[in-house]
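Enquirer: Sharing a structure here in structure tokens format.
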Amino acid sequence: MFQTLTQKLSNIFDKIKGSTALSEQQVLTIAREVRIALLEADVSLVVIKDFINNVVEKAKGQEVLRSVTPGQMVIKIISDEMIKVLSSSETEQALHIEFEPPVNIMMIGLQGSGKTTTTAKLAMKLAKKNKKVMVVSLDIYRPAAREQLETLVRNHETILSLPIVSNEDVFQIIARSTKEAKLLGCDVVIYDTAGRLHIDETMLQELSNIKEIITPKEILLVVDSLIGQESVNVANQFNQTLNISGVVLTKIDGDSRGGAALSIKYVTGKPIKFLGTGEKTNDLEEFHPERIASRILGKGDIISLVEKAAEVISKEDAAKSVEKLKKGSFNLEDYYQQLQNINKMGGISSILNLMPGINKLLPKIDQNPFDQNNVKLQQAIILSMTRYEKLNPDIINGKRKKRIAAGSGTSVQEVNKLLKQFQNITSLLKSGMKGNNILKDKFNNLKNFF
């Protein structure tokens with residue numbers, strides 16, 4: 001997410017970071033380079049114009065503090081303006097569900113934006129907060145749309161899906177869901193409305209009628225971030241008719257430019273409330289403007305990284321892993337668990353993208369050992385070992401390697417590669433327990449380990 005823009009801004013900042021003096025002409029040159037970077041990121045022209053004007057105006061009139069250089073001051077101004085572009089008030093940013101239940105949420109958007117998947121993700125997010133949630137599909141037009149939503153939430157006890165009845169129209173479904181939600185004591189009902197390939201009057205009229213009947217506390221527009229500036233036009237059209245309460249940007253993991261995120265709130269005046277960061281059911285992040293600005297500016301997002309880790313790794317398990325590393329008893333069973341944790345946290349790319357300053361090193365780091373296919377292969381190899389071998393990897397000789405390879409459907413070379421990788425990572429983590437310059441050394445050397 002935002003990789004292209006982050007890299008370009010980091011390159012600009014590197015030129016001015018240590019500058020002891022910046023002339024007016026140099027400030028204008030910096031502004032021009034930032035403008036080009038924003039244009040290439042597909043940011044709206046209106047946003048770029050206001051952003052650059054504000055940066056230049058503040059940079060010219062800013063009194064430089066003794067504790068910082070002029071270059072650092074300009075970087076801070078750009079950072080502050082970035083947060084301003086992304087920010088809404090706390091009241092606007094919040095999801096308003098603290099009313100007398102059931103509270104209705106209406107999901108709208110174009111076909112293919114990820115609206116149905118986002119409906120399920122939001123239901124799961126609310127269920128984790130101990131809310132009893134019902135999801136209701138109003139998409140009677142797209143084949144199997146209602147079945148898709150039902151399947152996505154099927155295995156979650158605290159999420160109910162309104163049973164499908166054939167030949168009902170949208171308003172009959174709403175009437176039935178209203179009775180069911182009250183009868184079952186639901187806290188929240190999320191309505192997944194029908195999408196279209198493009199916005200038309202029929203669609204908007206139906207949505208207006210639905211809004212009038214269910215009186216939702218939230219109307220969330222789901223927008224595909226990959227459509228760039230067009231996302232702003234889509235948001236404006238929906239907002240004019242329905243007065244949306246917020247936006248969910250999907251497919252952020254595939255958008256290295258980030259223009260939609262930087263444009264949509266500024267132009268529409270409506271907050272981005274969530275980001276869809278992947279295909280898994282837990283890949284829905286609350287939108288925090290300061291954190292996103294920090295990621296864009298190459299400062300990472302340690303808070304989000306800690307939150308991601310906390311969702312999949314308990315404090316007790318983390319403490320045990322640290323203790324094992326200290327004692328030198330980290331084994332292949334532990335490594336297997338860490339591979340699972342990496343997957344649960346969205347994969348290695350998702351983790352690295354939250355690390356401060358990592359954007360400069362990402363092109364040099366081979367992430368292949370941790371892509372989904374390789375992780376599955378490594379797990380298959382480990383599962384083919386006996387428990388004694390997992391606990392004592394040093395005993396795995398040529399004969400054992402042949403048996404493990406045969407049992408996992410891999411080759412001896414792939415078994416060797418796994419063992420070498422495990423050895424290198426263990427050494428790296430052990431050395432990371434010592435010294436004070438861990439982060440720098442870790443990522444400067446990571447590329448040599450795979």
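Each Cβ is built from the backbone N, Cα and C atoms, and glycine gets one as well.
Here's the feature list from TrEMBL:
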type    : residues                  : note
BINDING : 109-116, 192-196, 250-253 : GTP binding site
DOMAIN  : 271-284                   : domain 'SRP54-type proteins GTP-binding'
Enquirer: Going by DSSP, is GLY109 (GTP binding site) part of a helix, a strand, or coil?
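Expert: In three-state terms, GLY109 (GTP binding site) counts as strand.
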Enquirer: Based on DSSP, tally up the residues of the domain 'SRP54-type proteins GTP-binding' (271-284) by helix, strand and coil.
Expert: 0 helix, 6 strand, 8 coil
Enquirer: Starting from the Cβ of LYS115 (GTP binding site), draw a 10 Å sphere and report how many other Cβ atoms land inside it.
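Expert: A 10 Å sphere around the Cβ of LYS115 (GTP binding site) contains 26 other Cβ atoms.
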Enquirer: Look up ILE252 (GTP binding site) in the DSSP assignment and report helix, strand or coil.
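Expert: Reduced to three states, the DSSP call for ILE252 (GTP binding site) is helix.
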Enquirer: Does DSSP give LYS115 (GTP binding site) helix, strand or coil?
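Expert: The residue in question, LYS115 (GTP binding site), is helix (DSSP, three-state).
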Enquirer: Look at the binding-site residues GLY109, GLY112 and tell me which residue has the greatest number of other C-beta atoms within 10 angstroms of its C-beta.
Expert: GLY109
Enquirer: Within 10 Å of the Cβ of ILE252 (GTP binding site), how many other Cβ atoms can be counted across all chains shown?
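Expert: So the Cβ neighbour count for ILE252 (GTP binding site) comes to 24.
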Enquirer: Do any residues at least six apart in sequence from ARG196 (GTP binding site), in the same chain, have a Cβ closer than 8 Å to its Cβ, and if so which, in order?
Expert: LEU110, GLN111, MET203
